[in-house]
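As annotated by Swiss-Prot, substrate binding site applies to 31, 32, 33, 34, 85, 86, 87, 88, 97, 98, 99, 100, 124. The feature active site, proton acceptor is assigned by Swiss-Prot to 106, with sequence analysis given as support.
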């Protein structure tokens, strides 16, 4: 598992992406420590008079947005102009997400946005995706999905909770399998294979979705614009 980068790098990336938020827009609010800096920066802009509405991707981001005074809406009621979200790993513009077990809701919101900005620190960059892919599964399908993932060449592990007995349970009431495929040279093919498995709610491969990558360092931010 990758260790997280410095708080300064995360803050730089989050605040850089938040600067892209314009007045009278709807913003998808991502999950994780780097996205949290973007949410706080948006909250400060709201305090200064910026007119935005947020669509949170998790219980965590909803609570933080409320604390920051950002008005919220459900995806059923608005269209998302811009989404800002973090990543567990970034390679060639593709992502692995789901370290916070919120990747199903994140993918729905991020995919619906007109523009999707990824915020990360340098420790999340890689030449090839290799981070274990989180796969959210229906509880009754855990065993069958484990077998299917193994047939695809993966090594699935049920994610255990750290502060309670038993497994992690997602905001949707499901379980998470962390599936190690070693180096993923064809993320699009693997994404298609995982999505086709009965019982899989969503996987953490975000392929061809990002429009910009904001990578923060202690000295500044590098912004890469991607072509789709």
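Glycine is treated like the rest: Cβ placed from N, Cα and C.
When the binding-site residues 31, 33 are compared by the number of other CB atoms within 10 angstroms of each CB, 33 has the fewest.
Within the same chain, the residues at least 6 positions away from residue 106 (active site, proton acceptor) whose Cβ sits under 8 Å from its Cβ are 30, 31, 57, 58, 85, 97, 98, listed in sequence order. Minimal Cβ crowding within 10 Å, among the binding-site residues 97, 124, is found at 124.
Excluding 31, 32, 33, 34, 85, 86, 87, 88, 97, 98, 99, 100, 124, which define the substrate site, the same chain contributes 30, 35 within 8 Å (Cβ to the Cβ centroid), listed in sequence order.
On its own chain, residue 87 (substrate binding site) has 95, 96, 97, 118, 119, 120, 124, 206 as residues at least 6 apart in sequence with a Cβ closer than 8 Å to its own Cβ. According to DSSP, residue 106 (active site, proton acceptor) is assigned to a helical segment.
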